[in-house]
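Enquirer: So Swiss-Prot lists the following for this protein:
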| type | residues | note |
| --- | --- | --- |
| TRANSMEM | 2-24 | transmembrane segment |
| DISULFID | Cys52-Cys62 | disulfide bond |
| SITE | Asp55 | site 'Important for Na(+)-selective paracellular ion transport' |
| SITE | Glu64 | site 'Important for Na(+)-selective paracellular ion transport' |
| SITE | Met68 | site 'Important for the formation of tight-junction strand-like structures' |
| TRANSMEM | 75-99 | transmembrane segment |
| TOPO_DOM | 100-115 | topological domain 'Cytoplasmic' |
| MOD_RES | Ser111 | phosphoserine |
| TRANSMEM | 116-140 | transmembrane segment |
| TRANSMEM | 160-182 | transmembrane segment |
| TOPO_DOM | 183-235 | topological domain 'Cytoplasmic' |
| MOD_RES | Ser218 | phosphoserine |
| MOD_RES | Ser225 | phosphoserine |
Amino acid sequence: MLVAVEIFGFFLTAVGLLMLGVTLAHSSWRVSTVHGNVITTNTIFENLWYSCATDSMGVHNCWEFPSMLALSGYIQACRALMITAILLGFLGLFLGMVGLRCTNIGGLELSRKTKLAATAGALHILAGICGMVAVSWYAFNITRDFFNPLYAGTKYELGPALYLGWSACLLAILGGICLFSNCCCSRDRDPATGVQLPYKAPVIPAASLAARLPAAASDEEGDSSFGKYGKNAYV
């Protein structure tokens, strides 16, 4: 059962990481459509790197943002968060591959594999949180400008990349929780069957036990020698 949970969590994190990469490269983070009397005359869509426009004739033009310093602060922060999420996801994917019980990469012991799997789960949870913050922050700015009556610029709507990003972050977090919680649940279980192991009393080494016996014997002798003399012996 524990092995199945680990494999399921690893699969979720791998799919989540792939979807995060697609989200970062997706062109439609926000979309604006200009409608004419009969047909759609112009469609503008942007992501974190460039802006594109498509007219009614199907002509497609894209241009990159001129300078990183000229961008809004939240776009720069979203870039950093998404790149951090993908790097954490790749590191977690590698550690998870090594830490799975069903793999024999590196020939590690079970205890080390469990720790690596837990570390991989924590990294995937952090990656999902970073991606979730980036996507949600970007969506917040879109909705704020859209419903602001004083905003004179182009009003955009949420693009499909944001929904893809939310799904990717959710998969990464769920997979990371499976890997991390599986480490906590496997401490007192049989690694092969997943059955709860019976309680074992702590074993006291023979050397420490022998060191304790003379001290206890001397205490008993002192008590017995003191007991030989009662109150009447001093009268």
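Glycine residues also receive a Cβ, built from the backbone N, Cα and C atoms like all the rest.
Since we're looking at a predicted model, the values are computed, not measured.
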Enquirer: Taking only the recorded positions Cys52, Asp55, Ser111, which one has a CA atom nearest to the CA atom of Glu64 (site 'Important for Na(+)-selective paracellular ion transport')?
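Expert: Closest by Cα distance to Glu64 (site 'Important for Na(+)-selective paracellular ion transport') among the recorded positions Cys52, Asp55, Ser111: Cys52.
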Enquirer: Using a Cβ-Cβ cut-off of under 8 Å, list the residues of the same chain that are 6+ residues beyond the ends of the transmembrane segment (75-99) and lie near it.
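Expert: For the transmembrane segment (75-99), the nonlocal Cβ contacts are 9-10, 13-14, 16-17, 20-21, 23-24, 48, 68, 105-106, 108, 112-124, 126-128, 130-131, 133-135, 137-138, 169, 172, 176, 179.
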Enquirer: Count the other Cβ atoms sitting within 10 Å of the Cβ of Cys52 (disulfide bond), across every protein chain shown.
Expert: 15
Enquirer: To which of the recorded positions Cys62, Met68 does the lowest count of other Cβ atoms within 10 Å belong?
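Expert: Ranked by other Cβ atoms within 10 Å, the recorded positions Cys62, Met68 bottom out at Met68.
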Enquirer: Counting other Cβ atoms within 10 Å, pick out the least crowded of the recorded sites Asp55, Glu64.
Expert: Glu64
Enquirer: Within 10 Å of the Cβ of Ser111 (phosphoserine), how many other Cβ atoms can be counted across all chains shown?
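Expert: Result for Ser111 (phosphoserine): 11 other Cβ atoms within 10 Å.
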Enquirer: Which one is closest to Cys62 (disulfide bond) in space, judged by CA to CA distance, out of the recorded positions Asp55, Met68, Ser111?
Expert: Asp55
Enquirer: What three-state secondary structure does DSSP assign to Met68 (site 'Important for the formation of tight-junction strand-like structures')?
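Expert: Its secondary structure by DSSP: coil.
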Enquirer: How big is the gap, in Å, between the Cα of Met68 (site 'Important for the formation of tight-junction strand-like structures') and that of Ser111 (phosphoserine), rounded to a whole number?
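Expert: Cα-Cα, rounded: 46 Å.
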Enquirer: Summarise the model confidence on the topological domain 'Cytoplasmic' (183-235) as a single mean pLDDT, whole number.
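Expert: Within the topological domain 'Cytoplasmic' (183-235), the model's average pLDDT equals 51.
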Enquirer: Tell me, by DSSP, whether Cys52 (disulfide bond) is helix, strand or coil?
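Expert: SS state of Cys52 (disulfide bond) = strand.
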